[in-house]
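**Student:** This is the structure, below, for whatever I ask next.
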Amino acid sequence: RSGPRSPLTGSVVRTFTPFYFLVEPMDILSVRGASVIMNCSSYCETPPKIEWKKDGTLLNLVSDDRRQLLPDGSLLINSVVHSKHNKPDEGYYQCVATVESLGSIVSRTAKLTVAGLPRFTSQPELSSVYKGNSAILNCEVNVDLAPFVRWEQDRQPLSLDDRVFKLPSGALLIGNATDTDGGFYRCVIESGGTPKYSEEAELKILPDPEEPQSLVFVRQPSSLTKVTGQNAVFPCVAGGFPTPYVRWTKNGEELITEDSERFALRAGGSLLISDVTEEDVGTYTCIADNENETIEAQAELAVQVPPEFLKRPANIYAHESMDIVFECEVTGKPTPTVKWVKNGDVVIPSDYFKIVKEHNLQVLGLVKSDEGFYQCIAENDVGNAQAGAQLIILDLDVAIPTLPPTSLTSATNDHLAPATTGPLPTAPRDVVATLVSTRFIRLTWRTPVSDPQGDNLTYSIFYTKEGINRERVENTSRPGETQVMIQNLMPETVYVFRVVAQNKHGHGESSAPLKVATQPEVQLPGPAPNIRAYAGSPTSVTVTWETPLSGNGEIQNYKLYYMEKGQDSEQDVDVAGLSYTITGLKKYTEYSFRVVAYNKHGPGVSTQDVVVRTLSDVPSAAPQNLTLEARNSKSIMLHWQPPPAGTHSGQITGYKIRYRKVSRKSDVTESVGGTQLFQLIEGLERGTEYNFRIAAMTVNGTGPATDWVSAETFESDLDESRVPEVPSSLHVRPLVTSIVVSWTPPENQNIVVRGYAIGYGIGSPHAQTIKVDYKQRYYTIENLDPSSHYVITLKAFNNVGEGIPLYESAVTRPHSDTSEVDLFVINAPYTPVPDPSPMMPPVGVQASILSHDTIRITWADNSLPKNQKITDARYYTVRWKTNIPANTKYKTANATTLSYLVTGLKPNTLYEFSVMVTKGRRSSTWSMTAHGTTFELVPTSPPKDVTVVSKEGKPRTIIVNWQPPSEANGKITGYIIYYSTDVNAEIHDWVIEPVVGNRLTHQIQELTLDTPYYFKIQARNSKGMGPMSEAVQFRTPKAESSDKMPNDQASGSAGKGSRPVDVGPDYKPPLSGSNSPHGSPTSPLDSNMLLVIIVSVGVITIVIVVIVAVFCTRRTTSHQKKKRAACKSVNGSHKYKGNSKDVKPPDLWIHHERLELKPIDKSPDPNPIMTDTPIPRNSQDITPVDNSMDSNIHQRRNSYRGHESEDSMSTLAGRRGMRPKMMMPFDSQPPQPVISAHPIHSLDNPHHHFHSGSLASPTRSYLHHQVSPWPVGTSMSHSDRANSTESVRNTPSSDTMPASSSQPCADHQDPDSSSGAYLGSAQEEDAAQSLPTAHVRPSHPLKSFAVPAVPAAGSAYDPTLPSTPLLTQQAPSHPVHSVKTASIGTLGRTRPPMPVVVPSAPDVQETTRMLEDSESSYEPDELTKEMAHLEGLMKDLNAITTA
């Protein structure tokens, strides 16, 4: 057959051929001598050839006289032969249909069963039955013969109906017997040939008896197993008088048999279930009852299901060398087994034919001979079934037609592409195995000579075992990839590889075969056999094992692992021999043990765990919370709780109670109770106080006992069937802050009173309630308000309830009344009774946070002695909850110590805790609340709802949105966005974009058009990184928008000098490791116009500086010359020419408000470097002269921009009226910075990108790199540009600054300790504002602002206040080991900012002296005054920064 033409070559594609069975053979039961037909019929356009198999062997029907093939394909067997030693016809038959050009298919297997010789295993016997009862006559035969059994009554055939019923076994049931049922019965087997008769037996019908007869089962139901669709019969024959009535239940529910289609009663009580289904499985109960009694009998019904297909194999197209999978899903009961057949022959699993996922067939490395029909044959105990599919292998140049989803593995037709005419690629070059392991090999190669770039080439790697002609294929995952990993190989096996390149025209030449052998697999030891563990004592276990049977090399040692059951942590110990005894274990505790053997290659296979429990011992602790309650005059009830968990040391078998009279401590009585937690001690004396203690027992003995606890029996047996009566009297005596309450008991002394309840409150007695002992007769209510009206109520109570209250009121005395002495209390007779007041709540509750899920609660108990030792049976209850969500319920736990470890809490969650104490039946109120917040934990869930959208109008810009993790476990401090074009790439190969934690959206720019990108997001808190989100795919649009040119220019001009670098607010730094910025910088001016402006400003500035410098130099006084000459004589001979050609323009101190230019002292350096400090007005003023450092800026510039928060900065606004503004040569900055000094060890550290939400991240200390390294107007030669970026950060070396700090008259500090670099923040502030900055005033006019001044010895300069410059001077490229910089803002600061002393310019009255001749020097007294003035200015600025 031919089908549609291939879209690749136009050749005709063969279609699948319908080929299947119309009728398949079924199981047959036959008898000797009968004829049998096994039906079989198949369909195919080409008439198939039919053959038959018996027991897996083809039958030769040509020479067989008894078997013949009918025209429709059925098999006829004439005169079935069957004897004891010759059974040629019985067996399993299978029909095989073959079409020569296609293949073969086989039918299901059918069983032919031949009934055996007729014989009876039991025969009818004489029996009698009462009229109306049911009778049964046995005739047991083989199961095969049961269908051939019939019955005769008085030698006449017996007709069967619902009352007279034949069981499947052949027995006869007669229900509701009548007189006509009496007679002689026999059963007959008619299985062909002469019938075989059983013996005759008489059935007698008896009249009803005069007395009732007991019910008895004549035949009970027995459990059955049936196949779906069969009938099931549960016989149930009961006899007795009166005649019993039989009914049935299924799984305890009444079974309705009337009007049911499938359930019916036969012969008076037997249950018939027709067409059994799986829903019929269960327990069936036959219930027979009459007026006198009821009897029951049960039986189970199990149902088996033949195999059924849930998923049938599908037809598959494939190419040679591909891997395919035929899927087959079956069900049945018992679970079916599956085998596969190809063209009628069973498929034997091998390296290339594998059974995967239980039932599926995987064929690896297809070859042409694999074509044909594949059948999945499922079989269980009750049947079999088959389903098939066709495999067609196409030529490599023929594309696989589009079909419903077929089961192809990863090696599909991805290597095929629509073929066009053109040159094909040559063979790939230099195919080598770069990594060879035991089960995988990595291959790499070079592109073909015909296509050296190879960007559009894909590759197919064909490989096979050496000596086997079945090749498999693996394709590269993306175009241009020149390596592949071949996995699932066999160890120590030689494989042959070849690589074929493919372009849009088709497959090219194959590379030369490459033979590679996989590594042999390391032979590790197997599991140690016969591992055994037995407990030697309550705290030790001995483990033994034998030497592993497998392994390569000598066993070096063993490692024994053991773990307490229910715990997560496993412990281990190294063992040299074959046994070990572990000590120090817990008593009567289950432990699991396993052993791992080690050889020179490492650990082997672990043994299975063996579990053993340590031996029991006497309990190690006493029972808890023993309470006593007098029941009457002769008995006391004891209640207690078991010893604490972990102290039982075995199974508690009982409790030993010891008690004695308090007056006779030597006379002790013992009572042994069971495992219950209470005991009533009877036979006690009236009105006598007894001591009790209790101890727990195990089979090993008795553990420690509790402390003695006392209780007193009643004087007389009182009534506790009703509540007590009202107390006979109530008296109150108010004091200033307390009221003394006294009372007398109820007049009726015959009712039990177990205590009194006192209620009180201002205006109402229900505010507070106190319960006291029944012996108490007075109580002082404390902590009341003076001059307040209190209502007091008193009620007696017992176990039935509270009695009638008695009310009284009192007004506490005012504060002025100091008479607090109550004569009534003093003179009242003392009664030694237990403390009647309620227990005081614990105090000093504290919550100590230990981890992210654990908090330790501690408290104190004021009712204990000062040493806080617990000597009684009190216990504490700890409760805790969190208020999020609001309706959270309290959780509680009990403790017998003064601390408790609360575990299982949520990270970063605020909990509240309170404690109460309980002693016997008395409990305190809850203590005051303590709070604690658990520590943070790394996020345990990824950010959610990650979405990616394209920015409108900018197809190369995308916007990533997300939501915080549902389990953040702390404050999210940042996110990291990973993106890549290869979802399978290693994570370290993905591009990252850090984002601050308060942002849930981020833009990524300069992406490639029409390219799929994959995005993942990872959240971070103070504890670390959380898990990554699932990859989200987004394909960028195909079309380019109108802003393409600015984007392209921005990314393409880096390093070419075509336009100045734009450092405006829109500047976005590049990705880490990328040379092109993912941003869209734009310039408000045309690049040519901007260049002209920059050059003009630079020239004008140089001219002005030169003129001012010459003017200042000529006014230097001769006295200054003498001073400098004296300094030179000490430091060495430094000649300094005063020629005009050597004069450099001095740095100028610019008073922004006074608009004055003040020269600073001249530097002694031989080659001083000039630095201008103009006043920037807006962000446009700081455009650099040249953008040759463009690429460096891209690499170094920090993208962290934004407005600083007010609370993170000190303010200088309050001092602006007193101090002149000090400007920096950079872009506009926030008006109120904090200036702090930080040592920066390296300026080339890789920096991360941060979002522009705020100036500084509280969790990072990344360097803020300088934006514009050049002041406006500074002229630079081409030779200076090479190190332009670095020179701004570098400190002058010793070559350019020969006057080092070791010189006594030097005017500058050591470069390593004093030099600084200004690191600019980003620019997003208002352009009209300027940054107030600080300058250090040097002592020489030509010295740069970068070099701080050091006062001469003996000056008033304070050395404890460091002077930090804000701008370094330019210097040639020299290595700098350490640079100290002054940074703006709170950049990663973890401590208060260091005080910075910044001297200001001198006052106006000093102008004349400063403008004298440059060769002059200060007088000593003038220097002293100047230094004192500088010191005052530095202290002022220090006060400002610390404020």
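The backbone N, Cα and C atoms fix where each Cβ goes, glycine too.
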**Student:** With Swiss-Prot open, pick whichever of Asn292, Asn1283 is annotated N-linked glycosylation site.
**Tutor:** Asn292
**Student:** With reference to Swiss-Prot, which of the candidate residues Cys139, Cys236 participates in the disulphide bond with Cys187?
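**Tutor:** Answer per Swiss-Prot: Cys139.
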**Student:** Work out how many Å separate Asn292 (N-linked glycosylation site) and Asn700 (N-linked glycosylation site) at their Cα atoms, rounded off.
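**Tutor:** Cα-Cα, rounded: 54 Å.
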**Student:** Could you give the Cα-Cα distance between Asn700 (N-linked glycosylation site) and Asn176 (N-linked glycosylation site), in whole Å?
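**Tutor:** For Asn700 (N-linked glycosylation site) versus Asn176 (N-linked glycosylation site), the Cα atoms are 66 Å apart.
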**Student:** Can you count the other CB atoms that lie within 10 A of the CB of Asn475 (N-linked glycosylation site)?
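**Tutor:** Looking across every protein chain shown, the total is 19.
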**Student:** Select the closest residue to Asn894 (N-linked glycosylation site) from the following glycosylation sites, measuring between CA atoms: Asn39, Asn176, Asn456.
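**Tutor:** Out of the listed candidates, the nearest Cα belongs to Asn176.
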**Student:** At a 10 Å cut-off from the C-beta of Asn292 (N-linked glycosylation site), count the other C-beta atoms across all protein chains.
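**Tutor:** That number is 13.
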**Student:** Measure from the Cα of Asn625 (N-linked glycosylation site) to the Cα of every one of the glycosylation sites Asn176, Asn456, Asn475, then give the nearest.
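**Tutor:** With Cα distances computed to Asn625 (N-linked glycosylation site), the winner among Asn176, Asn456, Asn475 is Asn176.
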**Student:** Determine, using Cα-Cα distances only, which of these glycosylation sites is closest to Asn39 (N-linked glycosylation site): Asn176, Asn456, Asn475.
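**Tutor:** Nearest in space to Asn39 (N-linked glycosylation site), counting only the glycosylation sites, is Asn176.
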**Student:** Identify, in sequence order, the residues in the chain of Asn456 (N-linked glycosylation site) that are 6 or more apart from it along the sequence and have a CB within less than 8 Å of its CB; answer 'none' if there are none.
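**Tutor:** Those within reach of Asn456 (N-linked glycosylation site), by Cβ under 8 Å and sequence separation of 6 or more, are Pro479, Gly480, Asn503, Lys504.
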**Student:** Does DSSP put Asn292 (N-linked glycosylation site) in a helix, in a strand, or in coil?
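**Tutor:** Reduced to three states, the DSSP call for Asn292 (N-linked glycosylation site) is coil.
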**Student:** Of the residues in the domain 'Fibronectin type-III 2' (527-617), how many are helix, strand and coil by DSSP?
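**Tutor:** Counting residues by DSSP class gives 0 helix, 44 strand, 47 coil.
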**Student:** Taking only the Cα atoms, work out how far Asn475 (N-linked glycosylation site) lies from Asn176 (N-linked glycosylation site), in Å, as a whole number.
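**Tutor:** Cα to Cα, Asn475 (N-linked glycosylation site) and Asn176 (N-linked glycosylation site) are separated by 80 Å.
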**Student:** So for Asn39 (N-linked glycosylation site), how many other CB atoms are inside 10 Å of its CB?
**Tutor:** 18
